[in-house]
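**Q** Take this structure, written in structure tokens, and hold onto it; I'll ask about it next.
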Amino acid sequence: MEKRPLKGTSAIALSVSPSYQAFGDQQSSQNSANGNQHRGFSMSSDDDMIDITTTGTVTERSIHYDDPGTSHLPGVTYCMGDGEGESLCYQRTSILQHVAADGDEIPGIGQYEDFHTIDWQRDIARDRMRHRYIVKRRQNSLFDLVKGAHDAWSGWVCVLLVGLTTGVVAGVIDIGASWMSDLKYGICPSRFWFNREQCCWSSNETTSFETGNCSDWLTWSEVLGQSRTGAGAYIISYLMYIAWALLFASLAASLVRMFAPYACGSGIPEIKTILSGFIIRGYLGKWTLIIKSVGIMLSVSAGLSLGKEGPMVHIACCIGNILSYLFPKYGRNEAKKREILSAAAAAGVSVAFGAPIGGVLFSLEEVSYYFPLKTLWRSFFCALVAAFVLHSINPFGNEHSVLFFVEYNNPWIFFELVPFVGLGIIGGVIAAIFIRANLYWCKYRKTSKLGQYPVTEVLIVTAVTAVLAYPNPYTRMSTSELIYLLFRKCGVTNTDDLCDYNRNFTDVKSAVDLASAGPKVYRAMWLLVLALIFKLLATVFTFGIKVPCGLFIPSLCLGAIVGRIVGIGMEQLAFNYPHIWVFSGECSTMKDCITPGLYAMVGAAAVLGGVTRMTVSLVVVMFELTGGVRYIVPLMAAAMASKWVGDALGSHGVYDAHINLNGYPFLDSKEEFAHTSLAADVMQPKRNETLSVLTQDSMTVEDVETLMKETEHNGFPVVVSRESQYLVGFVLRRDLNLALAQARRAVEGLRPSSLVLFTSNSPQQPPQPGTPAPLLLKNILDMAPITITDQTPMETVVDMFRKLGLRQTLVTHNGRLLGVITKKDVLRYVKQLDNEDPNSVLFN
């Protein structure tokens, strides 16, 4: 319905935002003496004041049509709305017949600008009010009943769609990355869309990790007319490996630079910041989703020291953000949207590792800031659906949905807890070295000219990685293949150098005996040591370049290498000294009492735990990842030891460290505020400085616009008067701008000299002819802002910001307003006390 300017009025009330009062609350404003002032709507005579209601989220202030006490009063506004976008207001006067507003509210009200933090309390209150209105209307008609049911199940439908889409996207990424990775080595001429393993399945031949060839699979030397082996074939394969790696890396970097700059990196630091209530427009958009999905396949295929598992969390959150707009309950409410994003993060880990329970715990422990119980249930459901879809697609080509399924199930010896804890300590040390080195390099990249040439840096890192990786078979193969090789148990069919033991297999079904290691085992161990050094250095320089790159798989690889080396050492110790008291029981019969693959698994968990500082979710992810349920205790021991060592050598995990490096406004709930200071020490402005405020009934439109031009504050306290400074409420700058812009378009008679009133009281006397009508903006006013006294300890203030998700709090003394503390002020103060640059906090 078209909006029409309203004439013949002496005052104009513009209702632009839902009030924070719930249904059934009593409005403080009472009927005036002439009986014409009613529930947030006031008049000085029958037709002196017009209320243009533009909000469809109807509160009790606008639902007057069923009030028997006022249903026949002339001049009273009656509003009927569905809460989703349509409201109809009409007034029983001879002057006006109908006044309607299309749209659920002024566009942008309740939303936030880019690089601003959200107000959790405000958004949750808006959702509760919307929900109460829908519940109240359910008994009116069948349509309202269906609408209420849809509102109730929309959350489950949304996470169902997120899980389905995430599973499909993950399957496509896994298949595409596997196929493109094998393109560096050769091609399957009969079916070019097959990767190397699938090509060899069709010929019923098996491949080894070192050669990886069968008759149907042609290496590039064979495609070019050379033999499969020899110096010429080696050189051709070497050059093709480098060429394909550079091609894939350049494509990934170019796509990121041209279409989606936010698609680079892991994404988990930014996801943590977004889930804590920060707005980064475009970070979870459709272009980021497309480029990140394609780019992660390309960067993994390039052979860089990175993984696709971390970026899967970012990809899943992009899917969750896009699909949430199908449900206005979540798409239009930033606090509610973060419930969907938490479930999406769980689905991302679920499809990355085939670990749905670990995904839920990862979302709870590592990334989510607000995680109510219903979000836990929906995250579990979303992760379950995503894992089921991925298992149905079967991208790994086996009956297992996990990446590194292990076949062994041998019991571990109690004494082995000592080397397991030792692996945890080693893992913590390696993680601390990696984090410090990577942070140093990332800081250098930001402050030097290197950061101005991101594509060149990607190509240099790729070229160096490819040149150094190819000669070593353990760095030439993909990182996932290497981890699976290190986790495996040596058996009859294993031909890798790691399984070159002096065993005499007489019965395939019998247990594998302990045996002395052959020369190839020691050669393989030296190659693994070189691979460890290379992977550590390569990951330091790779994590942070401008391509999608994850850190889970490289961390698992580093730990698996260390663990396998320690496991082989323990195995040979048990073989050579079986009668030592620690081995005398289980190893005295020379059976397979030591499993080197188990040590690789524990070492992988140790390094990953040290890098990310995960504990509970890490253990669950690891035993889901491998199927080794009986090894929970060794994994727990290594994870705890790694975390303790990592915390002793550095206070932050890699994701928190990158949050601090980038200056994201993240208040970590795990940190304690140990400084003794008061709210008066942090508030803005300082004592004896002027505070920018609005008065409730003495400022004109011109005064308000001048104040906004002269200041950059994101909100303004409203006080009774500049002399008294008693607090009335708080209004956001964005809402004020939108309200004034809407008033200029929708009403006539608005002048710069028009009074702006933040009260429900009408002028005491009818305006004189020619006097501009006042503008009522009480409905954009938060009349219940969070307030503290100037003597409140900062420990309490920081806890309030963390646990309530505050955007700002007002500081008072004896009821008089003194200043404001924003989240930015808290973060800057904490950095200042920690001897860091307070201006590094990223805020608009």
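Backbone N, Cα and C define each Cβ position, glycine as well.
All annotation found in TrEMBL is predicted automatically rather than curated by experts.
Note that the structure is predicted; figures quoted are calculated from it, not measured.
Pasting the feature list from TrEMBL:
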- 26-37: compositional bias 'Low complexity' (COMPBIAS)
- 683-747: domain 'CBS' (DOMAIN)
- 781-838: domain 'CBS' (DOMAIN)
- 21-48: region 'Disordered' (REGION)
- 153-175: transmembrane segment (TRANSMEM)
- 238-260: transmembrane segment (TRANSMEM)
- 280-300: transmembrane segment (TRANSMEM)
- 312-328: transmembrane segment (TRANSMEM)
- 340-364: transmembrane segment (TRANSMEM)
- 413-439: transmembrane segment (TRANSMEM)
- 451-470: transmembrane segment (TRANSMEM)
- 524-544: transmembrane segment (TRANSMEM)
- 551-570: transmembrane segment (TRANSMEM)
- 598-623: transmembrane segment (TRANSMEM)
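Structural setting of the listed features?
**A** Secondary structure of the domain 'CBS' (683-747) per DSSP, as helix, strand and coil residue counts: 24 helix, 17 strand, 24 coil.
Same-chain neighbours of the transmembrane segment (340-364): 155, 158-159, 162-163, 166-167, 170-171, 271, 274-275, 284, 308-310, 312-317, 319-321, 323-324, 330, 370-371, 375-376, 378-387, 390-391, 400-403, 552, 614, 616-618, 620-622, 624-625, counting only residues six or more beyond its ends whose CB sits under 8 Å from a CB of the stretch.
Under 8 Å from some Cβ of the transmembrane segment (413-439) lie the Cβ atoms of residues 536, 539-540, 543-544, 555, 558-559, 562-563, 566, 570, 582-583, 585-587, 593-594, 599, 602-603, 605-611, 633-634, 637-646, 648-650, 652-654, 657-658, 661, all in the same chain and six or more residues away from its ends.
Same-chain neighbours of the transmembrane segment (451-470): 238, 241-242, 245-246, 249-250, 252-254, 257, 264, 302-305, 445, 476, 534, 538, 541-542, 545-547, counting only residues six or more beyond its ends whose CB sits under 8 Å from a CB of the stretch.
Sequence-distant contacts of the transmembrane segment (551-570) (same chain, six or more residues past either end, CB-CB distance under 8 Å): 266, 305-310, 352-353, 416, 419, 422-423, 426-427, 430-431, 434, 479-480, 482-483, 486-487, 498, 517, 521, 525, 528-529, 531-532, 535-536, 539, 542-543, 594-608, 611-612, 654.
Note on the transmembrane segment (598-623): residues 349, 353, 355, 357-359, 361-362, 364-366, 406, 408, 410, 412, 419-420, 423-424, 426-432, 434-435, 483, 486-487, 551-552, 555-564, 566-567, 570, 629, 631-632, 634-636, 638-643, 645-647, 652-656 of its chain, located 6 or more positions outside it, place their CB under 8 angstroms from a CB of the stretch.
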**Q** So which residues does the transmembrane segment (153-175) touch in its own chain, when a touch means Cβ under 8 Å and the partner is 6 or more beyond its ends?
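**A** Long-range Cβ neighbours of the transmembrane segment (153-175): 293, 296-297, 308, 312, 315-316, 319-320, 323-324, 326-327, 329-330, 339-340, 343-344, 347-348, 350-352, 374, 378-379, 381-390, 392-393, 395-396.
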**Q** Taking the domain 'CBS' (683-747) alone, what is its mean pLDDT?
**A** 86
**Q** For the domain 'CBS' (781-838), how many residues does DSSP put in helix, in strand and in coil?
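**A** Here the numbers are 23 helix, 18 strand, 17 coil.
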